[in-house]
Every structure is written in structure tokens, then in C-alpha cells.
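Notes follow the structure.
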Amino acid sequence: MTESVPTPNVASLVDSRVPWWLLLAACGGLVASVTWNLLERRRAYVDTAREELIEEVTHEQASDKMVELLRRNHRFAHGELAPLRTALASGQRPFAAVVCCADSRVSPELIFESGLGELFVVRPVIRTAGNLVDEIALGSLEFAVEHLGVQLLLVLGHGKCGAVSAVVKLTANSRVAVAAAQADGGHQHHDDNHPAHHIAHLVAKILPAVRSAMEVVSMEAGEVDQERLLDVAISENVLATQHEILSRSSILRSFAAHKKLAVRSGIYCLSSGVVSLIDP
């Protein structure tokens, strides 16, 4: 079940944090202007990104990319957000924490029109793909809730997730491979249908969500539609991440139980830009 994110009641979220939000609101126009300029520059870059990826990166090219990063940082450092940065240098009071994956198309600050100091974004360090959480991510979330006063935690998945898609395809291919092996006298050959050691753990973490999705889709139509399967698997994986966060962190679980923390899950649509909430 999905629902579009309603317009937030800012007053209920900020309560005693008015001074911070007054400053952020004053700089909101500047943030929007800077964000739009960044998006304009990104359009030309994205058009050629795929071609560049298939080429070997030379030392000169790598240096050029580093120079570009530093050039953009210089413009940012000398831009119009200096007053906001100065105010935030003494501390932060984000109003929400967002757990998301490392996909370059998923930037919570842009998706939720947020500026510096508004969102506490956690991209799991060890197992970033597929929204899987690790000890470092859990510790970061506990810090945000316990010490920064964050009252909303959103686990954000997104459509066409590469990690989940890979496991869906791997599962389908593995089933074919097993059937072929049985027809071949039980001899199962090692090929691309079997994950390499370094991604086996990733597959193992996402596989339960894919299996659950297969059951749901099979009951819906009998014959499994791959696109529908992927969408359901992504939702199942996000909900599993939410469950894992609460089951593994007694601190977050306690804050949620005492109504001091709201924990929700959502899916971001890459094409429409809309975030839809999902419930267990």
C-alpha cells in the first residue's frame, strides 16, 4: 500500500527550533537558486556520462575530474551560502534522518528540497547497495536521534534499484540453472548464475525480500511479471531494512516505543520524482 507524502506541518516539526528554521528559511531562496544551477550543469554531464564510463580513465582524465570537483567547491565556498555555513559551523539540528543507498540519482537533499543542516543522511558504509544497514550506519542513526534530536527516520528506497534488480535476475537465472542441472544428471556448472564471493553476502541479505516478492506476485497473477516482481522486491527490501534497524538497535526501538521517534519507509520514483510511503 502506497501513499503520497503529505505536505508537512512545519510548525509541529520544528517546535523549539525556531531560530534555526528562521535562518534556513531566509536562505531557502539562495539554496533553490544554487540547486537549479547545479541541475542545469548536470544535464550536459549526464548526456556523455555513459560514453565516458566505457573508456579507460587516464591519469590526466582523473586529474581533470579532481580539478572539476575542486572548482565547484571553490564556487560553493565563495558563494551566497556563507552566512548559513557560518551559523551551522557551531552545531547542527537536522529535523529528519534519511537512510538511502549510494545511487547517484538519489540525493535526499534535492528530493526533499532541503539545505545544509536540515537532513541527516546515512548511506551504509559497508553494504551501501540495496539500503542494507551495518554497525556504522546504526551508530550514526542512534547519534542523530539521541544527541541531535532527530524525530523522524525515513528508510528511502528507489525504483530500478541495481542491487535488488541483480538479485532478482540472479534468482531467475539460478532457477533455470538448477533445472538444467537436474536434467543433466544433477551436475550444476559454475557460471555467471552463481555470485562471486565478494557479493555473496549482499545477495544473501537481499534474497529473502526477493523470495517474499515472488510469493506476492505469484499469488496476484500466477505468472510472474519481472517488472512487477522488481517493484515488489524493492518495497520488501526497504521494509526489511526498517525492521532490521529497529530490531538491532535498542536505542532506536526505545525512542520509537515512547513516541519520540517516527520510523517510516518510502520509495522514490526516478522518473516522476515522487516519494510514496509504504507500510508493513
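The backbone N, Cα and C atoms fix where each Cβ goes, and this holds for glycine too.
Quick look at what TrEMBL annotates:
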| type | residues | note |
| --- | --- | --- |
| TRANSMEM | 20-39 | transmembrane segment |
| BINDING | CYS101, ASP103, HIS158, CYS161 | Zn(2+) binding site |
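In terms of local Cβ density within 10 Å, CYS161 ranks first among the binding-site residues CYS101, CYS161. Under the three-state DSSP scheme, HIS158 (Zn(2+) binding site) falls in the strand class.
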